[in-house]
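Feature annotation from TrEMBL assigns domain 'Acyltransferase 3' to 4-207. Residues or ranges marked as transmembrane segment in TrEMBL: 21-42, 62-81, 93-113, 128-147, 159-177, 197-218.
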Amino acid sequence: MIIDCYLISPFLRLFSDDVTLARYFLGLCVFWGSLIPTLKNIFSSYQWKEAQDELNTWTSRWHYHFTLEFVGYFVAGYHIVRHVHIESLKIRWLLYVLGLGDIFLIFGMTYRLEMKTGRYSKDFRDSYTLTVAFYTVVLFIFFKHEIGRINFSERAIRIISKLSALTFGIYLSHIILKGLLSRYVHIKQEEFLGIKLSSPIGCPILWIVISGSSLLFITRELI
């Protein structure tokens, strides 16, 4: 949870500005928080039972929970902004192309797996997978090196600052709103006002409802 990251942020600051320690910690996050979950998903999805049992046995001997969930993204964002400088345009564009390729890879692997198993799958597009971690880092780099070069007007800067102050509250409220919609109004991924829908139809509707509610709140705050 993002809340956990904010709670332990004073401890994260102790090593986040030390490049060597920060990169060591991020390496642990990539290994335990992205690579291992990705391997577990692959073994489970393709029913490689022996490999799955072997990996579960091996990981059960380690205590690595401090590197899991969003803490890696939290530290990585700060580290990229402060300490990662890619001056070469060719290298940056190579990363952007690989990032786009990674997105198509996620779509392709997810579609293939869902067609094979006949069920919903997030094995390659969950937040704690190597595929998602890679394009997230590329996105951080893109915003720093490309969007960060734009000279915004004072009005735009004020709006961006205001939106930045609202994002955490929106994050908290959208979870509550999603639960209320599901429980009392029967709007969720596979249902709308009590009418059963397929996921390809229900998910966009849920996104529109939640995003629309957030947009109304944001518009009111910005006016």
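Yeah, the Cβs are placed from backbone N, Cα and C, and that goes for glycine too.
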Intrachain neighbours beyond the transmembrane segment (93-113), with Cβ under 8 angstroms and 6 or more residues off its ends: 45, 86, 121-125, 131-132, 134-135, 138-139, 141-142
Positions whose Cβ lies under 8 angstroms from the transmembrane segment (128-147), at least six residues beyond its ends: 30, 33-35, 37-38, 41, 68-69, 72-73, 76-77, 80-81, 84, 86, 92, 95-96, 98-99, 102-103, 105-106, 109
Long-range Cβ neighbours of the transmembrane segment (197-218) (under 8 Å; 6 or more residues past either end): 120, 163, 166, 170, 173-174, 177-178, 181, 187-191
For the domain 'Acyltransferase 3' (4-207), the mean pLDDT of the predicted model: 80
